[in-house]
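Copied from TrEMBL, the annotated features are:
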BINDING   D:T48, D:D49, D:F150, D:R167, D:Q216, D:N242  5-hydroxyisourate binding site
BINDING   D:T48, D:D49, D:F150, D:R167, D:Q216, D:N242  urate binding site
BINDING   D:T48, D:N242  O2 binding site
Number of protein chains: 4
Amino acid sequence: YGKNTIKFLRLHKEGKKHFVKEVEVCTHLRLTSAQEYLEGNNSLVIPTDTIKNIVLVLAKKNGIPSLEQFAIDICNHFMTTFCQVMYVKTYVQEVPWQRLHENGVPHIHSFICVPDGIRFCEAEQCRNGPLIVFAGIKDLKLMKTTQSGFEGFYKNEHTTLPERHDRILCGELFCKWSYGECKDFDFDCIWNKIRECILEAFSGPPDCGEYSASYQKTVNCIQMLVLSKVSQVQVIEVVLNNTFYNVLDMKNLGLTNDKEVLIPVEAPYGSCACTLGRKKFFEA
Amino acid sequence: YGKNTIKFLRLHKEGKKHFVKEVEVCTHLRLTSAQEYLEGNNSLVIPTDTIKNIVLVLAKKNGIPSLEQFAIDICNHFMTTFCQVMYVKTYVQEVPWQRLHENGVPHIHSFICVPDGIRFCEAEQCRNGPLIVFAGIKDLKLMKTTQSGFEGFYKNEHTTLPERHDRILCGELFCKWSYGECKDFDFDCIWNKIRECILEAFSGPPDCGEYSASYQKTVNCIQMLVLSKVSQVQVIEVVLNNTFYNVLDMKNLGLTNDKEVLIPVEAPYGSCACTLGRKKFFEA
Amino acid sequence: YGKNTIKFLRLHKEGKKHFVKEVEVCTHLRLTSAQEYLEGNNSLVIPTDTIKNIVLVLAKKNGIPSLEQFAIDICNHFMTTFCQVMYVKTYVQEVPWQRLHENGVPHIHSFICVPDGIRFCEAEQCRNGPLIVFAGIKDLKLMKTTQSGFEGFYKNEHTTLPERHDRILCGELFCKWSYGECKDFDFDCIWNKIRECILEAFSGPPDCGEYSASYQKTVNCIQMLVLSKVSQVQVIEVVLNNTFYNVLDMKNLGLTNDKEVLIPVEAPYGSCACTLGRKKFFEA
Amino acid sequence: YGKNTIKFLRLHKEGKKHFVKEVEVCTHLRLTSAQEYLEGNNSLVIPTDTIKNIVLVLAKKNGIPSLEQFAIDICNHFMTTFCQVMYVKTYVQEVPWQRLHENGVPHIHSFICVPDGIRFCEAEQCRNGPLIVFAGIKDLKLMKTTQSGFEGFYKNEHTTLPERHDRILCGELFCKWSYGECKDFDFDCIWNKIRECILEAFSGPPDCGEYSASYQKTVNCIQMLVLSKVSQVQVIEVVLNNTFYNVLDMKNLGLTNDKEVLIPVEAPYGSCACTLGRKKFFEA
């Protein structure tokens, strides 16, 4: 297969107001042929330069109404234009530009980059198969300073971890979900709703939180809430890359440390993932 | 000299409400002696492990009332405790955890990482000299999609840049300022005020913006506004690492591109910096 | 599933001579149960801390005779020790420390890091399935300054790429191959042989090189040479992330540039991959 | 001031043999004027685009005989061409392409990237001042597995570090030196000689090594050896960013660990630097 990544900015105006979308688009093609590998015959090869041009032309002509619609447009273009394309996948990721506000007033042409979770989507299609759309959020860093523990786990001679009922839960979330038949979805609205579900399931009620018995349980809570609140989601995958914080032992410095000073274990050395669908769940 | 970096999290509670500060502290020491280099005599050397312990003990005992106060405490400790220390500098940088809100209600123990400009500060002192405090913001990415140009510049046979009166202005800002005598400043409040000044000077009035004749002019506007509005600032340095966007020529694709599709020049290949003080002192 | 990454250094001595292996080991487990996700029942969960301990204990007891043998040992340990483990995968990557030489004499205890291609391996096993071993090299950056072109490709209205018969071919290689039944292989020796095949197939004879009609053709040459020369390899996957270099047009600077000054297109915006097996199986 | 970074590849041939230099050049200008900041008057401003063109034109015309000569050429060009330039500094860094060898035979046009220490140089000049040339090596990672300790250091109530006489010494070296009057130096030859001195001073004799009493002492040994062996070096700065390795305590796993398994402390939390000149040394 061949793969091509292009980053660009799409600007448009409504009256004096400016709108900006900066995206990174990665397009993946697999051809029906193998002669370019075996014989160096390039007659069916679509150069990455052409792929790039097509993405830019579509952006110019259609704009980027939503990341998902743009990915769908690209897939459709390749499938209908090139009969040698057997499979196409398009990944679109957004640079998180947000409109600046001054004392609550939105600015007509100034933006600030706020990377608190990156939005992305994917559309893929095999020749003669359905077009499938995924969307997701990544690099979303969250922390709970209490209401988290890990107890009652399996123990043997290699176990050194103590049981804890009040630890820090911190990690970087990756969530990706698939839509079923995508007819006229308001992708922006759904995405924002799912983001809210994730934050709510992670943190619990604002006045007291909700106890998490493990990273696994938190992952499951997120999946359950999204599936129950957002009917368009068919399957949801959640990966939580943990950052562990150890309460520093300060006894040899003559101090008792009551979960006040904690040291992050820099290398994110744990990760927990699960994929959950509508009917019967399956682990991944 | 010796340098030591330590990252940790300081947690405290007021009633049921949790407060979190995660910081990276880098401490720099220069000793009066040279014997450790020349003779391998370590008798005056303060191990990095000890430096780390001191930072953690101070965090445990005093908390982190503000980044600046914490840096001042560390400097003071080293100067008063170790007579072999000739110079100390402490740099403190914050992980941008923000309290989560659900439907406007603040959560008592959940946080999200929002890196839209990183806060840092520095305190430094030579033995027998004054303690000087700096503060700053870095990695602040801003964009204006109009009201920016670059014309009338110096030209010779190596000039290929066309004049432009409506380009994109985009870059990553670094600002660092020094305070004069720091008696009882509300460092948090001042820092927020300066951040607002930067955004305002960069973008101009929300309904129309303000024309910038160059990156240099924007840098100067920021400095002038901060110096005029925040009396505690003595000197302010601003560095703007530019991201250039080229309007893509789509003629060979049969299209006219009216500043709708732009390609970022990935390598941030320009930078513009200036330091401005209160009187008339101008240097770069 | 759960995942755990641990980085460590394994040191051993033969007489006065020191040997060092620094590795990053990532272990992946999938359990037969789902109760930890659904009910927060952790009784079968193996904490990442325990996984880490096991990896370290095995390194201490067995050493790291080769990356592959170490990965096999880890897989075997988890499969035989924990009946709740349904699937285990272990990835091992090496920090490329090389013994220092002074005037050709090897140093008994000093090493230099030389990252000209990173060695890694993987072992994986499903319960009741065979243990499969993979090995590979990644981050191997190669360049040919001639004997490379790209002509006769598919063209339509979105094609702007000119045909070229003398371009730069440059990229970062990733190769991963699987071994069949691994009985008493000399994994170090095989790995070195494959590395040599890759370099030879990429560059051609030292005195003249060999023309490459495309990235795809180069990928295929590498695969064919490895499969023909190394009988232990069953399937080989090659990914080539291209760096494009454009010959700079210097006409507007009054100069002709005969492929002397070239600008890299920073974003690695093309990639070409293929998996090739022994019989006739061809897939990408 | 203004700064501009440009990365490019310079190719040349001698008969059928190809030679390649890929460099990153960063040019720094300070002007005599301030009007571009204060008034937005750009009439003396040299656009970064022009700076870039000049660097490329010089590379095309002169080639890159050595990094240092190329940096000197650039400085000279700006000083003699633009009277509004008050100060110029040029930094040049090399991508470490090395010629491929097959069975000892050098390949005429194939190269491999071997980043075992990056070569760089700097030339700077103030108007009416001398042109000063620096050269250096960075990102050079070295390790000694024995013959290193740290004992007899300063102790107080915050000391927790135990004394050690057989630890791992590992770090990333940065060395930068200045040349005096640079008349017809063979910069390539000198650079290679200095690299050898660094390796030799770090590691000691190949059959036994040499004991290092501290990071500081190793830094000093490197400086002393370079100054004694390479007469063209006037001042040498060495920075050693340490990676610490802790011998893992395996007692709770029922094992004694005799410096066999060590864990790197990921965050490089110590650094030691010194600048040494010919006459009287001074610390920095």
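Including glycine, each Cβ sits where the backbone N, Cα and C put it.
Of the binding-site residues D:Q216, D:N242, D:Q216 has the largest number of other Cβ atoms within 10 Å of its own Cβ. DSSP classifies D:N242 (5-hydroxyisourate binding site) as strand under the three-state reduction. With a 10 A radius on its CB, D:D49 (5-hydroxyisourate binding site) counts 19 other CB atoms from all the protein chains. Classification of D:F150 (5-hydroxyisourate binding site) by DSSP places it within a strand. Sequence-distant neighbours of D:R167 (5-hydroxyisourate binding site) (same chain, 6+ residues apart, CB-CB distance under 8 A): D:S148, D:G149, D:F150, D:Y245. Residues within less than 8 Å, Cβ to Cβ, of D:T48 (5-hydroxyisourate binding site) and separated from it by at least 6 positions along the same chain comprise D:G2, D:K3, D:N4. Look at D:R167 (5-hydroxyisourate binding site): DSSP puts it in coil. Of all Cα pairs drawn from D:T48, D:D49, D:F150, D:R167, D:Q216, D:N242, which the record names as binding 5-hydroxyisourate, the longest spans 51 Å.
Counted within 10 Å of its Cβ, the other Cβ atoms near D:F150 (5-hydroxyisourate binding site) come to 23, all protein chains included.
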